[in-house]
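What follows is a set of notes on a single structure, which appears directly below.
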């Protein structure tokens, strides 16, 4: 009779641990899934399991409460069944070692508690959690159904517990949400876009453009600028003819104008179009300092979005990037910013190099 009790209890322990694993796997897989991934799965497969996952994801708060209730019930029953049986198995071994009955009973119960808790935690919680995080869609398809049936069967208990929890949360000034927000930051939204592209929901080129646009705001002027060591510049005493020759030689259309070759002493920027406003007979005698236009300066730490606004507000479409010591760190142009989002842009001035440096 005792042997039957032990065997039955062990079978019950295994079954209950499996039940805990299902609830844990369902909980973590549903929270790991993006809404776009769920919608894409329904669009591609359209089968019963994918629709169950979709419904569970749309009622996430209710389903998670059901999973927590299931985990609590199965864990408590597991401990109730496993600990006495394990103690029953261990106690004779200690008594055979000469330990008194009272001490053997205490040691057996402690070891039984540790063994049962460890097995339940590893097999019933940690293993399914890691699998669910690694393969959320596959695990959700396998576990959302059992969780949905359990939640339906205990819906009144779950609603009561949920209502009590929501009441407390509202008292703390927080409004409970039924669904997780699908994207909370540019990086999360970028991940969503990349996943959609992999699944064929978005054209890869469009996904790349959106992803680059999202990352653009996280870049700084230092990331986007042309460093001073590669900047092509002209001296204030150079003439319009020198500007025309420099444009022909480099392919650039804008040039910083400096004093005595010192980029830290910049007086402005000239554009090749300004050369056409000067009569040909005066181009050899007109210095660039007379037509140079001042440009705004920005710190190296200015973010991409603010930098774009600054450049668009200026007619020359160029900014000088200043380092922490007040010196010139580099130059940023509209084309630099556009190429960061769209990739290389070629115009009539390009010869496989940027328009302006």
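Please read every residue number as a count from 1 along the shown chain.
Placement of Cβ uses the backbone N, Cα and C atoms for every residue, glycine included.
Note on TrEMBL: of 138-158, 159-179, the range annotated with the feature transmembrane segment is 138-158.
Checking TrEMBL for transmembrane segment across the ranges 60-82, 198-220 points to 60-82.
Checked against TrEMBL, the range among 6-26, 27-47 recorded as transmembrane segment is 6-26. Of the candidate ranges 102-126, 227-251, TrEMBL annotates residues 102-126 with the feature transmembrane segment. Model confidence over the domain 'CBS' (225-286) is summarised by a mean pLDDT of 88. Helix, strand and coil counts from DSSP across the domain 'CBS' (291-352) read 18 helix, 16 strand, 28 coil.
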